[in-house]
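These come from TrEMBL:
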SIGNAL    1-28  signal peptide
DISULFID  CYS57-CYS286  disulfide bond
DISULFID  CYS202-CYS250  disulfide bond
DISULFID  CYS231-CYS238  disulfide bond
REGION    296-326  region 'Disordered'
COMPBIAS  296-308  compositional bias 'Low complexity'
Amino acid sequence: MIRLPTPVAVTLVIASALGPFAIPTAQAEPAAKFLFSQKKTPTAGPTRSIGFYSNGCLGGGAQLPADGPHWQAMRLSRNRRFGNPVTIAVIERIAGDAAKTGVWPGLLVGDISQPRGGPMSSGHSSHQIGLDFDVWLRPMPTPRLTAAQRETYPFRSVLKKGTFSVDDRIWNDHYRDLIKITAEQPEVQRIFVHPGIKKKLCETAGRDRGWLAKVRPYYGHYEHFHVRLFCPPGSTTCKPQKAAGSGDGCSKLDWWFNVALQPSPPNAKPPKPKPPLTLAGMPAACRAVLAAPAAGGASGGAMTAAQTTPPPAGALVAKPSPRPRR
């Protein structure tokens, strides 16, 4: 009896014959999130935000100092406080403006990007090109948090438990004013918040409502707000997002509460998970970013947009369907 070769055997023979011209299989390349999360330092050379917010990387990133006059970076062990220098400067400016006006004593800054950007091993699909950052919806406490505290200090929802409405026992006008200060920065394109927060902002904004156009309702985002910047001027490698529009968006919130946030029918099929992003699906320049030498310096080459002397820390104490346009 003549045995026919198996498909696997045929594939191996063809690959062997083609040699370097063989087309790699999908399994040949690991998920990009594992490659980028292993890089602990930024690259040497000029800053480049490469690609789109959810598919790209960061060359020559700057590092936000762990402590500043009016901010503290959270979850330091995650090593996600790198960004375009424009991003670092905007964070520092927002923190300073909010403190000087008595709106907010200090920012608790969440994830920005990894040292070389790219997809993260957990937590975000964006934050890849150093132009996104998170701000916790909790003011910086006094005394300041130690590095150890920042690993366990809890998130806190500003919504009433079991509802989509803001909890007025937590929320006050300072929360609104902090988001307004952020939205009024010219570099900011979008701010993502929970629909319940957007509704509260619509109700309390007053006559000056232009800044609300930048505030976009989205799933989650009830413990922090997510800030996205425009591609910096002259950045030819950055892929911009479409304009957010000029209306305040307040008349479009019903869909969120009546449809998007409602539970799926019992017989609804779960959405098919997306395959993990690989380098083959990313901008070609991201391969060079991964392979590039690290920037020099005792701290692994992390640059800062502004040199800051850290103040002393305090004492130790303990996707749905349909997907809307963001």
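Backbone N, Cα and C define each Cβ position, glycine as well.
Overlay of TrEMBL feature records on the structure.
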residue	record	contacts (Cβ under 8 Å, 6+ apart)
CYS57	disulfide bond	PHE36, ILE50, GLY51, ARG116, GLY117, GLY118, GLN128, ILE129, MET282, PRO283, ALA285, CYS286, VAL289, LEU290
CYS202	disulfide bond	LEU212, ASP248, GLY249, CYS250, LEU253
CYS231	disulfide bond	SER49, LEU131, CYS238, LYS239, PRO240
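Of the listed disulfide-bonded residues, namely CYS238, CYS250, CYS286, the sparsest CB environment within 10 A is found at CYS250. In the three-state DSSP scheme, CYS238 (disulfide bond) falls into the strand class.
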